[in-house]
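Okay, structure first, notes after.
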């Protein structure tokens, strides 16, 4: 039934393994895939993993740094596997506890773990228990209550019900009549109580109408008196409102005449000479050089974090003082250490409250709710059973583990060096092709222009393929960026050749065909990079998603970048899952091209709510290649994982 079972350390040393009868394939491939895709990427919230035709279940032992993995065919439904893997873990720990407590890889290698007999015994018991828990058979018709009923009994039941209803009504009447004698007593009690109240209030000898009239007069008297007593303080004199100051712009000039550029063109016409005003404007723009690698997004360590740490220390010291006052002597010492984990293994109950707060904190920072839950579950499995230091709080331990997990998620799993990749494509005498995709309005064209400027600054020539043949103004927007970029890097400085060119065929054409022609043109004209701009599309639009999958499948770009906003929360999960699913479904190859990286835009608008970065990288497993931080060509950064995590964990 089982294909394999293996026990290995987190350092990679296989302590013991079992392979089922008739299984010839090695289990190293599935186990290595599990390590790469789940354990190293901090996705251990779910204890199952599917690799090709196999289904893998695993269990982490954090005390001895062990991993237990069982594999079986995914078409099988084995209900006993979860309990079986727990039993194997406990049995293996108990039997080889002394050997496992010896630290060091060499000592583990020197030990011989003879566990096959125990394993087969546990497997036999698990299989027998699963057979014993066979499904309960359905009751036959004779055993059911319906078989006892007949037509006669049903008729009698109806008559009986009627009789019961009549008798019930008869029985109910006396019950209703009996309490009818009680209201007299109640009225007497009410009258006596009201009489007492009238005596207390000085209303003795007054009728009920006179009492009501008196109370009404008192009510109106209070309402009339209250407003006169309110104004005890003299009102403050209101300050006169200052007139709004005119905003003075740096490049605005002091008069309207300076802003009139209509008569400054060569031919004197207001609309003529489009190139000259743009060159004058761009010449005035002060853009920093972007040669080499991009600067990383950085967050300065704010004073709030220092204050928070001091407050935590104050809270701990105050709790220790109060506990020492209450208990005194040894009781105070133990009270002080109550919030600490003194060399004991952590349990899920210890971490539950802290994890719940961490989960809520991540959601407030724009992390998708589902992913926040999975991250907290992964941290709980990572820490469960782990023996902590003597003077370590549960909150600090969980927070540090969550920080490490987030950094691990954001750090790229593979090398991302576009400049080196472009140079390798140059050596092969072909253009390096990057395709941009995403939903509407996220800034694909704007960030494509920023990336063009960065590539030009590093000495590469760029061809922009206008494959957004749907949105009005898309081609004109790219043509404007092309003119501005060429004005910043004039052709005279590059041997008379424009460093940026636009390849466009207008609107309403096939985007995949335009991209193919643009790549062929770039190869003939020796362009270094082709940037393919595609139309924005919602993830639920099946025809447009099919067209995008066709464009990528036909042209096979070197890099497929998903452009997403840093403002999205739960929507990021839906967008990326459906984009990847559409690319996989509509691809014509067995190994479809999926999203290779992410461009995170509008990062300057979110302050410290950087959770979208976590959501996107967790869903795709792909790195964030570029981060857009503003409106100018200079506002392009690379992601600094530790800086983003520190901003994410900041309260």
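From the backbone N, Cα and C atoms, a Cβ is placed for every residue, glycine too.
What TrEMBL says about a protein is an automatic prediction, not a curated fact.
Taking TrEMBL as the reference, the stretch among 223-280, 339-396 described by the feature region 'Disordered' is residues 223-280. Per TrEMBL, the stretch carrying the note region 'Disordered' among 306-327, 416-437, 438-459, 460-481 is 306-327. Sequence-distant contacts of the domain 'SRP54-type proteins GTP-binding' (623-636) (same chain, at least 6 residues past either end, Cβ-Cβ under 8 Å): 285, 287-288, 290, 294, 297, 410-414, 416, 418, 443, 446-447, 449-451, 453-454, 485, 488, 559, 561, 597-604, 613, 616-617.
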